[in-house]
Amino acid sequence: MAATAFYQAIGTLQYSGCFSNSNLNQENGNSAYRLVSKVFNLDIAPLRSGTHCSRKRSFSVIQASTSQSTVFDPVSSPSNGLKSDSKKKPSEAALILIRHGESMWNEKNLFTGCVDVPLTKKGVEEAIEAGKRISNIPIDMIYTSALIRAQMTAMLAMTEHRRKKVPIILHDESEQARVWSQIFSEDTNKQCIPVITAWQLNERMYGELQGLNKQETAERFGKEKVHEWRRSYDIPPPNGESLEMCAQRAVAYFKENIEPQLQCGKNVMIAAHGNSLRSIIMYLDKLTSQEVISLELSTGIPMLYILKEGQFIRRGSPVAPTEAGVYAYTKRLAQYRQRYLTSIGFFCIYIPIQRLKEMVQFSSW
């Protein structure tokens with residue numbers, strides 16, 4: 001099973017400029033825009049005349065032509081129905097999974113398990129790169145394990161997010177911790193993202209292998225035995241956890257605590273570990289015990305899922321902050337991205353090759 005599926009865009013069309021009344025009225029008036037690429041032509045027209053405030057302005061893709069002729073229907077502005085739409089049950093939510101960046105014991109080739117080891121410099125860079133890849137995907141809540149390498153990965157990744165909200169670890173371990181960590185500004189609270197830590201998302205406990213060198217352990221016990229401990233589904237290392245045991249706690253926590261948030265429309269990021277994330281992916285993708293043992297997750301590479309109509313749909317890994325392939329697969333993510341780009345003074349329309357044969361709708365306001 002491919003752990004990352006990449007969606008390649010064949011072209012990018014961009015219009016840059018300040019969406020102030022004076023600029024657009026003086027320079028463009030009510031005219032339509034026609035953008036031409038070597039691959040395709042694209043006509044864009046304003047849906048409404050008079051005002052050019054970025055919060056009220058709407059555009060529609062009225063025609064796109066390529067060697068395979070395709071027509072894109074206009075999209076009406078959603079701003080008129082925001083209040084009524086907010087009462088509807090959310091149709092989809094984004095789930096991002098990130099395995100922590102390289103840890104100091106990864107670098108030394110030691111069994112880490114539940115030992116609380118920080119990231120290396122490379123791990124820090126991997127976490128930052130992961131953040132760049134997800135910088136345009138909405139995030140409302142973050143879950144991490146109780147281990148510092150996962151928490152560092154989540155925090156560093158969020159430094160690259162375009163919304164610049166601050167991730168705040170919630171301290172509910174005691175009443176005093178909860179009271180002492182309260183935020184008393186409503187405005188500040190709106191600019192924060194809650195981070196929930198859970199031991200259930202920890203790496204599987206490697207028992208008596210923790211701290212041992214992997215190569216030396218293979219020489220001592222035999223490669224076949226060590227491979228059995230590491231890659232079998234239901235055989236644990238001495239006094240440790242098997243993948244099956246890890247899956248029982250990780251999936252139970254996901255179903256009880258994280259999945260309900262997604263069902264309510266919250267966009268969630270999970271920063272955790274190879275085995276706890278393999279367990280969750282096993283649940284999301286309905287893998288068998290034989291399929292999951294061959295699943296490998298790279299450090300610092302985000303995976304995107306969409307929960308839509310009660311089904312988890314794997315979208316692969318966002319390629320980079322300028323790659324919009326993942327956004328074109330759902331209308332809601334496309335709208336989110338366009339809202340942000342419009343709010344800072346420009347908007348971009350990207351068209352991936354997989355969707356040029358279909359009717360795709362984008363909207364901004």
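For all residues, glycine too, the Cβ spot is worked out from N, Cα and C.
Annotated in TrEMBL:
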BINDING   99-106, 112-113, Arg149, 203-206, Lys214, 230-231, 274-275  substrate binding site
ACT_SITE  His100  active site, tele-phosphohistidine intermediate
ACT_SITE  Glu203  active site, proton donor/acceptor
SITE      His273  site 'Transition state stabilizer'
**Fill in**
Within the same chain, the residues at least 6 apart in sequence whose Cβ is under 8 angstroms from that of Lys214 (substrate binding site) are Asn109, Leu110, Phe111, Val226
**Listed recorded positions among Gly113, Arg204, His273, Gly274 whose Cα sits within 10 Å of His100 (active site, tele-phosphohistidine intermediate)** = His273, Gly274
**Fill in**
Least surrounded, by Cβ count within 10 Å, of the recorded positions His100, His273 is His273
**Message:** Restricting to the chain of Glu102 (substrate binding site) and a gap of 6 or more, list residues whose Cβ falls under 8 Å of its Cβ, or answer none.
**Reply:** Leu119, Thr120, Lys122, Gly123, Glu126, Thr299, Gly300
**Message:** I'm trying to understand the geometry here, so how far is the Cα atom of Gly274 (substrate binding site) from the Cα atom of the residue listed as 'active site, proton donor/acceptor', in Å to the nearest whole number?
**Reply:** 7
**Request:** Using all protein chains in view, find how many other C-beta atoms are within 10 Å of the C-beta of the residue listed as 'active site, proton donor/acceptor'.
**Result:** 26
**Complete:** Within 10 angstroms of the C-beta of Gly113 (substrate binding site), the count of other C-beta atoms across all shown chains comes to 22
**Message:** Measuring Cα to Cα, how far is His273 (site 'Transition state stabilizer') from Arg99 (substrate binding site) in Å?
**Reply:** 5
**List of residues, in chain order, with Cβ under 8 A from that of Arg99 (substrate binding site) and at least 6 apart** = Ala272, His273, Gly274, Leu277, Leu297, Ser298, Thr299, Gly300, Ile301
**Item:** Neighbourhood of Arg204 (substrate binding site), C-beta criterion under 8 angstroms, separation at least six
**Value:** Gly113, Cys114, Gly240, Glu241, Ser242, Leu243, Met245, Cys246, His273, Asn275, Ser276
